[in-house]
Every structure is written in C-alpha cells, then in structure tokens.
Amino acid sequence: MIDTTRYPRLSRIQTPDDLRRFDEAELTAIAEELRSYLIESVGKSGGHFAAGLGVIELTVALHYLYQTPVDQLVWDVGHQTYPHKILTGRRDQIHTVKQKDGVAPFPKREESIYDTFGVGHSSTSISAALGMAIAAQRNGDDRKVVAVIGDGAMTAGMVYEALNHAGGMDPEPNLLVILNDNRMSISEAVGGLTKMLGRASGSRTLNAIREGGKKILGDKKNNPTARFVRRWEEHWKGMFVPSTLFEEMGFHYTGPIDGHDLPSLVGALKTLQTLKGPQLLHVITTKGKGYELAEGDQIGYHAVGPFDPSKGLVAKAGAKKPTYTDVFSDWVCDMAAAEPKLLVITPAMREGSGLVRFSKEYPQRYFDVAIAEQHAVTLAAGMATQGAKPVVAIYSTFLQRGYDQLVHDVAVQQLDVLFAIDRGGVVGPDGATHAGNLDLSFLRCVPHMVVMAPADEAECRQMLSTGVQYQGPAAVRYPRGTGPGVALDASLATLPIGKAQLRHSGTRIALLGFGATVDAAEAVGRELGLTVVNMRFVKPLDKAMLLELAKTHDGFVTIEDNVVAGGAGAGVSELLNAEAITMPMLHLGLPDSFQHHASREDLLAEAGIDQAGIRAAVLKRWPQLMTSKTPALNAAAG
C-alpha cells in the first residue's frame, strides 16, 4: 500500500464525481499528484509505465469535464489507462496490477463501470465508440462518447474504416475522437502517416487560418465569397497540416494542441462539448512525461518490473538463460548471413520480437510495417511470389488479426512464408487479450501449413531453419520466457518434416507432449515408467510413430499449452479414428475459457499442465499406475 497522506488532493478522489468537486484551478496540482502516485505505484508493482505518464493531463481533463460513466470513454490499446483506473475507484489496488486476482492491466468491463470497452489490441476504439454513439442515439440518450487513440494505433486500417463510416453518417453521431500523438507505439511509430502527423505538430498556423475564415464568413455559407474563402482556407491548410485528411472524411478537426497544458486541454474540450457531429481533437504528448528517465528511454520504460524510481531501471548482473525471443534474435541474424533471400517483417514489434540487432545489421532486409498485421502477412506473400524468403515475426495474439491473409494470400497459394510466432500458449500477466492459447487450433486446420512447437531452445532454432527451407507456409510457435536451458550452437541444422522424438521408452501409457509441455511430461513419464514422446510437429503428425505406439500401448495422453478444442490432441484423435483405431485417450490442455492475468506458472498449474497437474490427471484416469505393473489397463480406463 502507498501512504496517501502525501497526496492530499488525490487521496480525496475515489470516483470522478470527487474530482469534479475541485475547482478548475486545482487540476494542474491534481495532475502532478497523479503522476507522482503512478511513478511510486508502478515502481512497487511493475507494469505499463511510460504510456500512462503521457496521458495524465488528458485523463484528468476528460474525467473532470465529462459525466463519466454516463458519458463514455473508450481507450485504445489500454496500456495507458493506469491513471484512469486510479481516478475511477482503483487507486488503492493499482499496486496489484497484473497480479493474480489484482487489477487488470487493460480496461475490463467486468472490473469497473468506467471501463466501457475491453481492450488490449490496438485500433479498435473508434469502431467501438461509434457503435456506442449510434446505440445511444437510437435510444434517445444525449450521452457523449469519446475515443482516445494513439500510441501508433492510427496506422491500422480498421481506424479508417471507422472514420469513413462515422464521417458519412446521417444523422451525424455525437462522437469525439482524441488523437493522442506521441510518435510511439511500443517502438517508434513508423510510416507515411506518422510523418504527416509530425508535420502538424509545429503548426500554429492552421487554427489562425480557420478562425480568420470564420470571421470573414460569419453566417454566410453558400454565396460566392464563402466559396472563395473556403477554397483559400483549404489551400493554406494543405500546406501546413494533415487536417484535410480528417475533414474530408467528415470530421471537424481541432489542433494540434499541447496535451500537457491542462488549461488549453480544458478549454478545447469545453468548446468541443458544444459542437454536434463527429469531432477530432489532435493533442501532442510525450510518452513518459514527468519522469526524465522514461522520457529519455520511452521504449525501455514502456513496461517495467518493480524498480526504485530514484535510481531507475538497473540491469541485473550475471549470466542468464536466453529467452525464446533471444534464440530467434540470434537465429535470424545467422540465417540472414547464410540466406541472402531472407527478409523479415514485423508489425511494430521490433523489441518484443527480438529484431533490434537484425534491424541494425540488415536494415535493407528489415520491414517494420507499423501496427498493420493484415498488411504484414500479405506483404510477405507478395515477396514470396518473387522468390524471397520472408519471415513474419509476430506475437500469437496479433496473428489473429492477420488470419484471413494467412489463409487467403499465403496458404491458398502455397507460398514460402515462415511465421515466427512468439508468445504462444500461456502468456501470463497481460491477461486474455494477449494470450496465445488459440494458435495451434487455428493453424492446424489450414491446408498446406506445417506447424511446429519446440520443446527447448535448440529445437526452436532447428525448427526455424526447417521452416525457411520448407517449400510452402510454415509456422514455429514458441512460448514467452526461457526454456529448459539446453546448449545452443551456431549451426542452421534442420529437422525432418513430421518426425517426432522418443524421449523415454516405457510401457502401458504414452505421454505425447507438444512444445513447452514436453519437459513436464517427461518428468512424469520417467517417474511412472511411461513412454514419453516429444511430438515436435502439430502438423503433420508423425503417423508412423503414433500407429506403432498404438500397437504396444493401452492409452494415449496428449499435452499442449493450447485450448483442447481443435488442438494438437484433437489431431491425434482424428488420425487414430481415420485408421479405425479405438483406444483410451486423455487430452490435457487449456480450458474452454479465456485466460485471466496471473503468472505463467500459476496459469499452467490451474490448467493442470504443469508436472503436478499432468501426474494427477494420469493417475486419476489410470489409478493402477501407482501400484500395478500390469500392462492391460483398458478396463481401468473405462
């Protein structure tokens, strides 16, 4: 807990109603307390950091002027919402963020009535807010709906689908879009749109031009003078800022204004509250504002572990096991040296996907397409048609956004694209929106796909090399964090497609492990004298080995860190069924529910796919394994 006596104003705020009881003149002091409180709290707990510091003033202004939760705020992405959570009844719990049974790291409707829309992925806010505004309009509600979007989210196509719809509606929706322009996603924001918005940042000319035009026009809208003034205004606006992009889509554009100047923010929002129809307010903010170290290293302070704010982040001393992301990072540089056709694509995840080194060593072969997963996948498809060897480095959860392109543009054409899928399976503290628990199911059903899941770091490297050499679409899906710590070498050795590895020869029951579950399965198998197989390939399965094991064993247990429905275990059952083989099966995996936020270890234990859970499930199904050495267990299996 934090001593709130050092925050005399903030300690009096439990809800936005309390905030609105303060005089407007005190808002700047409240913002300063909120920023200090956030720094102290995240220092104790860890969590998303720099993005929240950048929206302190905006958060205070919005909750002060709008009658939340009647008026509705929709936050894009959501990693900037810790200040919002502090002002909406969760101040004294914010130190539990990301912890089991603690505050969620992103807006979550089940957690608070002030969290109007669940989020974690980018670029959804305008669509959701427009839907709310339309529903309110149909119900006769006069509520206001505000979408706050930024952190690189304006690069995704979904944003422009929503803007296009909102700007062309009749009657016009009561919608305000706030563009929080901080030049960042997690890494630096990239692309032509970012450059265009950047040109607006220094322009104070636009508003002078617009206001001058209004004074000349007065109430005249359609006479020759008015038409001339509008043409003159548009000509000069186009020379200075991108407002015409939004205004041509039907939005009234205001800005850019300083997002850390509370009086200016309050004044602009008060004006916008009097206007009808779709509005767009462009604010310029600094990610990490108010904490010098975060302002200087916005990427490093995007998300942090617990740290001492007086010292900043301190690198941990001593050698550490490489993460799977580190393994990919080294492999992709080694493969690029050996394969000149290799190109790498990432949707705004250079740091998270381990591509910093590659981007520096091979800048002409590195393509950060910004938050644009659909484009990333089809870009790779286009490259592959010309003989390139593209690798799409992407998180499992974000690949969901490019699934149609994976099917329609890559798999149907059987193109040579490798998907390096990080954060597969149980991810942990970021919760349901960032979990990778569906990928084996949605990849396994795609024709022509080869799907691999490594049991350790060395195997991950071999599978990546296998995927590059394979003629067709391939995916290597690996978990967050470290593996068992096996030795690595610099070779680019490959694996035979569709061949499993026998880890331990036993009797009676065969444990078939996929990916990160193999080590736990092997420990159980050795203890109970059971056969253990590292399946390696989710598709194609090692048919020959499975049929041979079916002849000599009385039951199969499949283990995966993916939902059971449609997953790797389902593939084993389908194979046996096609061969008219009937035998007892036990499928262990993730349940038919979305993951909550907790540590990876807690979630694996809850799902029963850690060592203790696997052992308990096997003995519950075949209790004779504790005492009996008899191989015939079919009767006991029921």
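Note: Cβ is positioned from N, Cα and C throughout, glycine not excepted.
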Additional site residue, Glu351, Glu361, Glu373 [criterion: listed by Swiss-Prot with His79, Gly120, His121, Ser122, Gly152, Ala153, Asn182, Tyr291 for thiamine diphosphate]: Glu373
Site with most surrounding Cβ atoms, counting all protein chains shown within 10 Å, from the binding-site residues His79, His121: His79
Three-state secondary structure, which DSSP defines for Gly152 (thiamine diphosphate binding site): coil
Maximum Cα-Cα separation (Å), residues His79, Gly120, His121, Ser122, Gly152, Ala153, Asn182, Tyr291, Glu373 listed as binding thiamine diphosphate: 32
The one of Asp151, Gly152, Asn182, Glu373 whose CB sees the fewest other CB atoms within 10 Å, among these binding-site residues: Asn182
Rounded Cα-Cα span from Asp151 (Mg(2+) binding site) to Asn182 (thiamine diphosphate binding site), Å: 6
